[in-house]
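S.K.: My structure is below; once you've seen it, I'll send some questions.
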Amino acid sequence: MVSRVIPVDPFDLVIFGGTGDLARRKILPGLFRRFRAGQMDAESRVIGAARSDLDVDGYRAMVREAIAEFDPASARDSEALEAFLGRLGYVVVDAMGETGWDDLEREVNSDRIRAFYFSVGPRLFGELAERLHKHGMADHDSRIVVEKPFGRDLESAKALNATLAQHFHEHQIYRIDHYLGKETVQNLMAVRFGNTLFEPLWNSQYVDHIQITVAESVGVGGRGEYYDRAGAVRDMMQNHLMQLLCLIAMEPPAKFEPDPVRDEKLKVIRALDPVEPGDVVRGQYEASSDAPGYNEQVENQGSTTESFVALKAHVSNWRWAGTPFYLRTGKRLKARASEIAVVFKDAPHSIFGAEAGRHANILTIRLQPNEGIELGVTIKEPGPGGMRLIDVPLDMTFAEALGPDDADFPDAYERLIMDVIRGNQTLFMRDDEVEEAWAWTDPMIAEWEARGEPPLPYASGSSGPDEALALIHRDGRHWREIKP
Ligand code: NAD
């Protein structure tokens, strides 16, 4: 099966922070893949804009190196790479001052779609919006892409929304959450709303509970300074995990279009009960024999920032009353593994007797690694010996089911950037969604800050603190194993 690639209209994409880590690792290699796939029009341009004192040749050399490092397989297509590098421009720009803005204005072509990717630190988001406006680049058709973190609490998120709104309309603002660009996450919606099989069962009558795990095996690394001011709730829970929760829990939108989808997600966040203090476990990883502990990687040695959080959430509406959502995320855990598991209730009565065993159906949506969807189905264990039941997976791993061509999916960033050019905001967060998400996490954070309780230590390479296991055990349930 070969994917259909629909080219987008010609565009000029300016990447503020075009020399930074995110641009080099994700944005530029992603754009190159879209270029190779024929999705990026041959006239379109990508313009790096950053403080580094480079000329366009220097920038091209930097991008060539970045693509060779982060996507060596694509970089081997040297003809395409040279053609792509030919589409690059570079302007030295200071977001905080006047340097370079006139040059940038000359560089972007007003006949094409203009998109400005804010891949810089969050303190510059407002400055960039203001200067784009001042220099006449905030016309009705231009778009801005805003990276995370979008604020650090409700108040700062509101202030940032207000600043952006002074210069751009909401339909021009693309708040990126790359989890929403993942193939599987969109497939979750296809599975839910494209089949009659699941939706009738998608409620508290049939679903026992839902687990969302986003586990990382790495520590804070070089991001210690930012991370220590944020922590797992601000860095991951408020955005990525909540977005996943929304997609799992939302009512069917009337259409797969930006506002119908985002309206339904917003209703989920508004239906969330405040989290009980006893339903949250915070942790911080300790040193291991071969890696430093959290406290050795951040400047503040006595830091009480959490690198792990697990919590139980309740969506208080007709569909989900009585079905808990268990969410956890953390660093330096057993493996890099992210999944959503919808755990259905046991069959109401076993006709096979206790010795046959009972198994709940589990629908697993794996985000990484090996993106795919798997449904655990109970069957008879083959062979003689009576009726014993076992679980077998109906595996919908994309690479296996669809063949190698389709397994070469655009990665989340490239898909989302193409959506920006198409003007499709379905997979981007709206202002009210972001604010409501902070309104839910703020009281939780304020509560533990007021208590001043430090996070619980956990061993590197573990599943987090034992108390996180107890959080779900006490309800007679257990976490799924974190495995690569
Ligand atoms: P980085 O520090 O590697 O790069 C910052 C970039 O901003 C550089 O190109 C620098 O030249 C430019 N810059 C800094 N000050 C400037 C100024 N005054 N005017 C113009 N340009 C200026 O940062 P990064 O890791 O690439 O992150 C960029 C943004 O993306 C941040 O908001 C970060 O939170 C977000 N983000 C990054 C990652 C990641 O994996 N790196 C993941 C998710 C979100």
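Here, residue 1 is simply the first one shown, and the rest follow in order.
Yeah, the Cβs are placed from backbone N, Cα and C, and that goes for glycine too.
Note that TrEMBL annotation is computational and uncurated.
From TrEMBL, for reference:
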ACT_SITE  His240  active site, proton acceptor
BINDING   Gly17, Gly18, Thr19, Gly20, Asp21, Leu22, Ala23, Arg24, Arg51, Lys148  NADP(+) binding site
BINDING   His178, Lys182, Glu216, Asp235, Lys331  substrate binding site
DOMAIN    14-187  domain 'Glucose-6-phosphate dehydrogenase NAD-binding'
DOMAIN    189-480  domain 'Glucose-6-phosphate dehydrogenase C-terminal'
S.K.: Check the Cα-Cα distances from Arg51 (NADP(+) binding site) to the binding-site residues Lys182, Glu216, Asp235, Lys331 and tell me which is shortest.
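M.R.: That would be Asp235, nearest by Cα distance.
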S.K.: Near Asp235 (substrate binding site), which residues of its own chain have a C-beta under 8 A away, given they sit six or more steps off in sequence?
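M.R.: Once residues fewer than 6 apart are set aside, Asp235 (substrate binding site) is near Pro149, Tyr227.
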S.K.: Output the one of Arg51, His178, Lys331 that, of all these binding-site residues, has the highest number of other Cβ atoms within 10 Å of its Cβ.
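M.R.: Answer returned by the neighbour count: Lys331.
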S.K.: To the nearest whole angstrom, what is the C-alpha distance linking His240 (active site, proton acceptor) and His178 (substrate binding site)?
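M.R.: Answer for this pair: 8 Å between alpha carbons.
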S.K.: Scan Lys182, Glu216, Asp235, His240, Lys331 for recorded positions whose C-beta lands under 6 Å from an atom of ligand 1 and note them, or write none.
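M.R.: Correct list: empty, so none.
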S.K.: How many Å lie between the Cα of Thr19 (NADP(+) binding site) and the Cα of Lys331 (substrate binding site)?
M.R.: 26
S.K.: Name the residue among the binding-site residues Asp21, Glu216 whose Cβ has the smallest number of other Cβ atoms within 10 Å.
M.R.: Asp21
S.K.: Roughly how wide, in whole Å, is the group Gly17, Gly18, Thr19, Gly20, Asp21, Leu22, Ala23, Arg24, Arg51, Lys148 that binds NADP(+), by largest Cα to Cα distance?
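M.R.: Maximum Cα-Cα distance: 20 Å.
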S.K.: Average pLDDT across the domain 'Glucose-6-phosphate dehydrogenase C-terminal' (189-480)?
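M.R.: A mean pLDDT of 92 is what the predicted model shows over the domain 'Glucose-6-phosphate dehydrogenase C-terminal' (189-480).
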S.K.: For His240 (active site, proton acceptor), what is the secondary structure state per DSSP, taken as helix, strand or coil?
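M.R.: For His240 (active site, proton acceptor) - judged by DSSP and reduced to three states - the answer is helix.
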S.K.: Roughly how many Å lie between the Cα atoms of Ala23 (NADP(+) binding site) and Lys182 (substrate binding site), rounded to a whole value?
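M.R.: Each residue's Cα considered, Ala23 (NADP(+) binding site) and Lys182 (substrate binding site) end up 18 Å apart.
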S.K.: Return only the integer: C-alpha distance in Å from His178 (substrate binding site) to Asp21 (NADP(+) binding site).
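M.R.: For His178 (substrate binding site) versus Asp21 (NADP(+) binding site), the Cα atoms are 15 Å apart.
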S.K.: Determine, from DSSP, whether Asp235 (substrate binding site) sits in helix, strand or coil.
M.R.: helix
S.K.: Taking the Cβ of Gly17 (NADP(+) binding site) as the centre, how many other Cβ atoms fall within a 10 Å radius?
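M.R.: Its Cβ has 24 other Cβ atoms within 10 Å.
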